[in-house]
Each structure stands twice: as structure tokens, then as C-alpha cells.
Amino acid sequence: MRQSQSVIIYSLLMAGVVLASNILVQYPVQGMVYGISLADLLTWGAFTYPLAFLVNDLTNRQFGPTAARKVVVAGFVVGVAFSFYASVPRIAIASGTAFLVGQFLDITLFNRLRRQSWWKAPLVGSLFGSILDTVLFFSISFAAIFAFIGANDEFALGIAPLFGVFSFMEVPRWVSWALGDLSVKLIFSLVMLLPYGALMTWLRPMRPVNA
């Protein structure tokens, strides 16, 4: 299969992941764990979003960072378009910014580590990309300092026990949301090594890679 065709397929996969995540983020995870209400911390979108890093890393491995950036931009366009349609502009701006910056960081780190142990590039890239993505999204969406982008969500800014149960530490609600979301992303950064490892021998680099 030609590179252009493969990049189109990767772009469609990325767009699908982003679209699915933007839809599933509207549905909280129901259940209780050690007295913590998961619905107050997690949505199903947190479980699909890490697939974006897998698609990004597979593209980067096979075709290099230039192709990976094209795939990320495709996901960015779909994500921003849906976010502006389905949510307020502040959330859309936060979503697009976090996705683009987090994915580009993943590309950069992956490219620098690609010749080391097979697991280092995808793991380090997705870990730091996920951290930056989470910090940017929740900060821009809810932190009071970003009120110039759009109105503050007073409920998100309300002070509450961490994760709703740890009364010894009270934080704005959005901080608990961010930590819950990040926890899932970090776990899935490890889980995604399984499909990456399974596919890496099949999706071999097509040519020497340049930044």
C-alpha cells in the first residue's frame, strides 16, 4: 500500500478516535470504588482517547514525524469542528489546544527515542503527551485565570474534598476531574504497548526517518 493511502487510513482512524472520544465524554462512568463515585470523575471518553496516541505512534513509526503531524491535524480539525458544534467555545478551544500540543509533543519525543528499546518511544511520548494534554484541557476549560476565553463554570471552581472523599485535602472540583482523567490515561499508556508491540513487526518503517 502506498504511503499516501496509508496516511489517509491513519487520518480516518484518528478522526474516528477523536469523534468517538468527543461523544463518549458526555457519558459518565457509573459505579463506586472505595467510596469514590466514578461518575463524578470519569467519562467513557477517557478510555477511548488514549487510542489517539497509538494511532499517532504507529504512523510515526511507519512513515515518520511529517506524516504523523498530518494525521494529528486531521484529528484536530474533526475534534475542533465537533467541539464547537456540541459545546461552548471555551471547551472547544481547550480541547483543540490540548489535543494538538499533546500529540505534537508525543511526535517529538517518539522521534528522539525511536532507535532505543522498542517500548521507550511510545511509552515516554504518550505519558508526557497525556500529562500535557490533561493539564492544558482542564486548566483552559475551568481554571479561573482563563476566564478571558469564556465564562467560568462556578460548579467546577467550587471547593470540595479531593475525589469527593478525601476531606483532608480540598481542591477545586476540576482538579479532581483532571486527576481522575489523567490516571486512566497513564494506565492506558502502558496498556497501549500491547497492541503497539503486536503491530510493530508488521508495520515496519518504510524508509529512513527525518524530523
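Indices start at 1 and increase along the chain as displayed.
Just so you know, glycine gets a Cβ as well, placed from its N, Cα and C.
What TrEMBL records for 7-27 (among others) is transmembrane segment.
Positions annotated as transmembrane segment by TrEMBL: 33-55 (among others).
Taken from TrEMBL, the feature transmembrane segment covers 67-85 (among others).
Long-range neighbours of the transmembrane segment (91-111) within the same chain, counting only residues 6 or more positions beyond its ends whose Cβ lies under 8 Å from a Cβ of the stretch, are 18, 22, 52-53, 56-57, 60-61, 64-65, 68-69, 72-73, 75-76, 79-80, 83-84, 121-122, 124-126, 128-130, 132-134, 136-141, 149-150, 209, 211. Marked as transmembrane segment by TrEMBL: 91-111 (among others).
Taken from TrEMBL, the feature transmembrane segment covers 123-149 (among others). Below 8 angstroms of C-beta separation, residues 50, 53-54, 56-57, 89-91, 93-95, 97-99, 101-103, 105-110, 113, 156-157, 172, 174-175, 177-178, 181-182, 185-186, 189-190, 192-193 of the same chain, each at least six residues beyond the ends of the transmembrane segment (123-149), sit close to that stretch.
Annotation comment: TrEMBL describes 155-175 (among others) as transmembrane segment. Same-chain residues lying 6 or more positions outside the transmembrane segment (155-175) and placing a CB less than 8 Å from one of its CB atoms are 34-37, 40-41, 138, 141-144.
Annotated transmembrane segment per TrEMBL: 182-203 (among others), in sequence order.
Counting residues 6+ beyond its ends, the transmembrane segment (7-27) has Cβ neighbours under 8 Å at 43-49, 51-52, 55-56, 58-59, 63, 67, 70-72, 74-79, 82-83, 86, 95, 99 in the same chain.
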